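Participant: So TrEMBL says this about it:
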COMPBIAS  23-37  compositional bias 'Pro residues'
COMPBIAS  38-56  compositional bias 'Low complexity'
REGION    1-56  region 'Disordered'
SITE      ARG69  site 'Transition state stabilizer'
SITE      LYS76  site 'Transition state stabilizer'
SITE      ARG216  site 'Positions MEP for the nucleophilic attack'
SITE      LYS272  site 'Positions MEP for the nucleophilic attack'
Amino acid sequence: MTDDSLPVRTAGSSEPPRAADSPTPPPAGAPSAPAPPAAAEAPAAAPGTAAPRPPRTAAVIPAAGRGVRLGPGAPKALRMLSGIPMLVHAARALAASRAVHLVVVVAPPDGAAEVKSLLDAHALPERADVLVVPGGETRQESVKLGLDVVPPDIGIVLVHDAARPLVPVETVDAVIDAVRDGAPAVVPALPLADTVKEIGPCAPGEPEPVVATPDRARLRAVQTPQGFARAVLVRAHETVAVSGEGATDDAGMVERLGAPVVLVPGHEEAFKVTRPLDLVLAEAVLARRRAKDGF
């Protein structure tokens, strides 16, 4: 952990243990309770030994971008959604998974204290610890800075866009399960509804020439959280050379290593809030959730 990291909360000892990680032993003489089903199959334990625990998981949320397409105002991650910053919604969504032990929020370079105060002011699920660190000039730099403070006992790392505040916990768990099953990199994704055209170069302001129409059936729109075996993601950030504005997709960096990347089904509510119309849609989704189950 660096000196710049700001802990928002450390889960206390009074917190109920996670079923998959630290089961409470029964009183002496009492029959043992049946073990809960594992989220992913683990290697069989030798007779008389405890089953191996699944690897611990941390989530890194880069939230240092300005989000200029949403218009002037606060950074995109701090825009309000039903009176709560999008970043808080995103952190809650990740912390809602019982498999997530730590949430690392990567704040704007000069805004870590502000983001820490904001998270302190909003209730997050108690089961996960929360840490805030200053970010970098690019998304890749920010993810790397968040990855640097993840404790060594964490085996799985999720990277999630702060601008995807409504990702369902089922999607988070599906990504983690796939990494636990052995995939080095996992991405939630959806089939495309629209036909896609590849364009060629042209002068600014001129009509864009179409050069190809890719087969839509073989294309997917990717979402987050993207999940990784921790060692694979660390190696990608240490060895993959990135030019220009930096990497916008961590799975793409892993692809450049030659490591396999697999997809799991995404969710329509895990869309990215990028433009003003997306905020309207997000408000509608939250209103529907509140009407349905008191979200």
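One-based numbering along the chain as shown.
For all residues, glycine too, the Cβ spot is worked out from N, Cα and C.
Each of the listed features needs to be described in terms of its position in the shown structure.
Facilitator: Following the DSSP three-state reduction, the secondary structure of LYS76 (site 'Transition state stabilizer') is helix.
The number of other Cβ atoms within 10 Å of the Cβ belonging to ARG216 (site 'Positions MEP for the nucleophilic attack'), over all protein chains shown, comes to 13.
Less than 8 angstroms from the CB of LYS272 (site 'Positions MEP for the nucleophilic attack') sit ASP161, ALA163, ARG164, GLN223, ASP278, each of them six or more residues away in the same chain.
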Participant: Count the Cβ atoms, other than its own, that fall within 10 Å of the Cβ of LYS76 (site 'Transition state stabilizer'), considering every protein chain shown.
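Facilitator: Excluding its own Cβ, the number within 10 Å is 23.
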